[in-house]
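S.K.: Sharing a structure with you now.
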Amino acid sequence: MKLKSHIPLLVTIVGLICLPLFVENPYYIHLAETILIYTILLFGLDIVVGYVGQVSLGHAGLFGIGSYTAGILFFHLGWPIWATVPASIIVTAIFGGILALPALKVIGPYLAMVTLAFGTIAQILINEMTWLTEGPLGIKLTRPELMGVPMTKAEYFWLVAAIMIIAMIVVDRFVKSQMGRAFEALRDSPVACDCMGVSVYRFKVIAFVISAGFAGLAGSLYSYSEQYISPNTYNNELAVLFLLAIIMGGRKSRLGAAIGAAIIVLLPKLLDDINLFRIVASIIAIVVTVGAIMALSKKITTPKRVAIPVAGVVGLAAFSFWLNSIADWRLSIFGFMILLVVYYLQNGIVGFSKTFYLAITGKTKTTVGEATAENTDSSVDFISAVGNKNTGAELLKVDSVLMQFGGLKALNNVDLSIKRGTIHGLIGPNGSGKSTMMNVLTGIYIPTSGNVFYADESVVGKTSSEIALSGIARTFQNVQLFGEMTALQNILVGLHHTFKSNMLDIALHLPRYLREERDARNRAMALLKFVGLENLANEEARNLPYGKQRLLEIARALALDPELLLLDEPAAGLTAPDIKELLRIIRKIRDNGITFILIEHHMDVVMSVCDTVSVLDFGQKIAEGKPAEVQADEKVIHAYLGT
Ligand code: ADP
Ligand code: MG
């Protein structure tokens with residue numbers, strides 16, 4: 001199995017070695033080289049776009065910065081390639097950090113605009129700083145030297161190919177490590193990501209910096225490949241093309257990046273040749289038709305399912321006749337078809353092919369190489385026992401907290417005292433401020449006044465991820481899982497704090513990283529088993545039934561090794577047997593010395609597990625005590641039932 005999984009890589013390597021030997025025309029070698037260079041850039045861009053889910057139109061600018069760093073160092077200082085390439089990576093990575101600043105403040109279309117502005121400014125600066133960049137005249141380079149003689153076209157191609165392969169392996173390792181999981185987690189649910197102790201702020205910056213590093217690498221290789229660089233190459237059109245390449249090729253895929261690169265390099269060339277244009281146009285038309293049929297087939301009945309492909313074939317024939325007559329409209333037609341591809345194939349060509357393959361073979365999706373229920377070590381201590389020492393001492397103190405939203409006092413001078421090793425219920429009618437309290441405790445809201453002490457330290461002013469790492473884990477009223485990640489990966493995000501390995505450990509697969517990854521996987525499987533999800537380990541979280549999602553969220557919170565666990569309506573939407581299972585799980589966790597705050601509407605749940613219950617109504621605490629006392633309290637009955 002191990003060998004089999006390496007076959008595509010080996011074939012790629014052999015193909016790349018052979019290409020310059022069998023292709024005589026240097027122009028074709030050059031095209032292939034450009035594809036490889038763009039592929040390297042797209043590996044990086046995919047981290048930001050595919051994994052982190054941010055739009056960047058600044059990558060043409062970063063590409064330019066990489067090219068010019070190499071160009072300038074070569075032109076002014078005569079540095080050799082082994083010095084200019086690393087310098088380009090570092091300089092561009094620094095600019096990536098600068099580009100990350102807007103990414104932390106704005107999202108969506110605003111981010112697109114800000115990054116676009118970054119690209120424009122980069123291009124203008126390159127143009128204007130003639131003393132450094134030679135301005136519009138551009139810089140000429142010669143191919144790097146190999147043992148005193150300049151490299152041949154083929155030799156430089158091999159160098160680029162080797163670097164592309166290394167880049168591919170490194171990116172693949174990054175995105176499959178704890179770092180890649182952090183990227184995906186912050187895309188799927190930033191708030192949950194922070195509450196798992198994975199700082200959204202930190203990992204957005206890291207993603208942009210790494211991504212820029214790859215753009216710098218690509219840029220420097222490009223300058224030697226073209227042997228001439230000038231500012232107008234790095235325009236916004238190129239930035240849009242890069243983004244399009246990721247979307248068309250397929251995000252979160254190395255193959256997708258390569259396909260995307262091939263499309264944006266070859267497409268303009270194909271437009272020049274009418275016959276090639278016809279072939280490509282027909283392929284795209286077929287892809288779009290099949291994509292549309294697949295999209296529709298889920299909703300339509302069988303007779304129509306036959307009719308549509310027939311109509312599709314007839315349509316295609318008509319389409320190819322029509323193409324002959326409108327040769328002058330090529331560019332517009334292509335633009336329109338690309339639009340359709342992007343619209344129908346939202347997972348790009350790679351994603352589409354996968355779905356298509358699964359559809360025709362009738363196989364269900366399997367994830368290879370992931371942990372299975374069988375190979376787990378049941379002796380793993382998946383819950384770190386906090387121990388029952390100091391039971392009854394104060395763990396958390398809420399001191400007259402006021403939380404105001406405009407004129408609304410969602411929490412009005414609430415005091416709470418949570419004792420170690422107990423289950424503290426928090427109940428109250430809808431809108432009484434229970435979830436707001438959780439958000440204050442976990443740093444999502446900063447209280448208007450008052451203070452919160454956890455283990456005698458104030459948490460007000462700390463970030464959510466700092467609070468999480470100090471030992472407070474939580475679940476959410478509206479489940480906040482990392483939807484595109486598997487159940488196992490969700491837990492692994494919770495175990496992020498157990499990793500000490502850095503980028504070098506990951507890139508080289510050093511023992512430290514491999515050990516941490518193995519330990520984390522074992523523990524994650526044990527946690528899944530604990531909540532009864534071991535057979536769903538490789539299922540994407542968004543595909544799990546609702547009740548299972550809630551259990552998964554609890555397991556993920558446990559991965560954080562919390563001392564205090566906050567559950568916001570864990571039984572909501574659960575079936576009766578699920579609730580029983582939930583109670584068993586809660587009791588078991590409590591027996592390990594973990595303290596709970598439990599928000600719940602199901603009174604039987606509250607009554608059966610809580611040691612103390614506090615009742616909120618309109619942001620104020622109206623009662624507190626043993627469950628039975630509270631249940632009998634008149635003010636509580638009044639609040640729940642009205643007058
Ligand atoms: P519940 O007890 O049902 O969990 P919440 O804590 O969610 O109640 O909400 C308490 C009140 O605070 C509600 O009136 C809600 O509309 C308001 N509220 C909560 N969060 C915000 C916010 N971010 N902005 C404005 N109002 C909010
Ligand atoms: Mg709520």
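Each residue, glycine too, has its Cβ placed from N, Cα and C.
Take a look at what TrEMBL says about it:
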TRANSMEM  7-23  transmembrane segment
TRANSMEM  35-53  transmembrane segment
TRANSMEM  60-79  transmembrane segment
TRANSMEM  85-103  transmembrane segment
TRANSMEM  110-126  transmembrane segment
TRANSMEM  156-175  transmembrane segment
TRANSMEM  205-225  transmembrane segment
TRANSMEM  255-271  transmembrane segment
TRANSMEM  277-297  transmembrane segment
TRANSMEM  306-323  transmembrane segment
TRANSMEM  329-345  transmembrane segment
DOMAIN    396-643  domain 'ABC transporter'
S.K.: Any chance you could find the range in 35-53, 110-126, 156-175, 205-225, 255-271 with the most Cβ pairs under 8 Å to the transmembrane segment (85-103)?
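M.R.: Out of the listed stretches, 205-225 contacts the transmembrane segment (85-103) most.
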S.K.: Taking contact to mean three or more C-beta pairs under 8 angstroms, with sequence separation of 6 or more, is the transmembrane segment (7-23) in contact with the transmembrane segment (255-271)?
M.R.: no
S.K.: Go through 110-126, 156-175, 205-225, 255-271 and flag the stretch with the largest number of C-beta pairs under 8 Å relative to the transmembrane segment (35-53).
M.R.: 205-225
S.K.: Determine which residues of the chain contact the transmembrane segment (156-175) at the Cβ level, with the cut-off under 8 Å and only residues 6 or more beyond its ends counted.
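M.R.: Apart from its flanks, the transmembrane segment (156-175) reaches 9, 12-13, 16-17, 19-20, 29, 32-33, 36-37, 39-40, 43-44, 46-47, 51, 143-144, 183, 210, 214, 217, 221, 224-225, 252, 254, 503, 506-507, 509.
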S.K.: Who are the chain neighbours of the transmembrane segment (60-79) in space, where the CB to CB distance is under 8 Å and they lie at least 6 residues beyond its ends?
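M.R.: Sequence-remote neighbours of the transmembrane segment (60-79) are 41, 85, 87-89, 91-92, 95-96, 99, 118-123, 126, 132-134, 139-141, 211-212, 215-220, 222-224, 229, 231, 233-239, 242.
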S.K.: Tell me, what is the mean pLDDT of the domain 'ABC transporter' (396-643)?
M.R.: 93
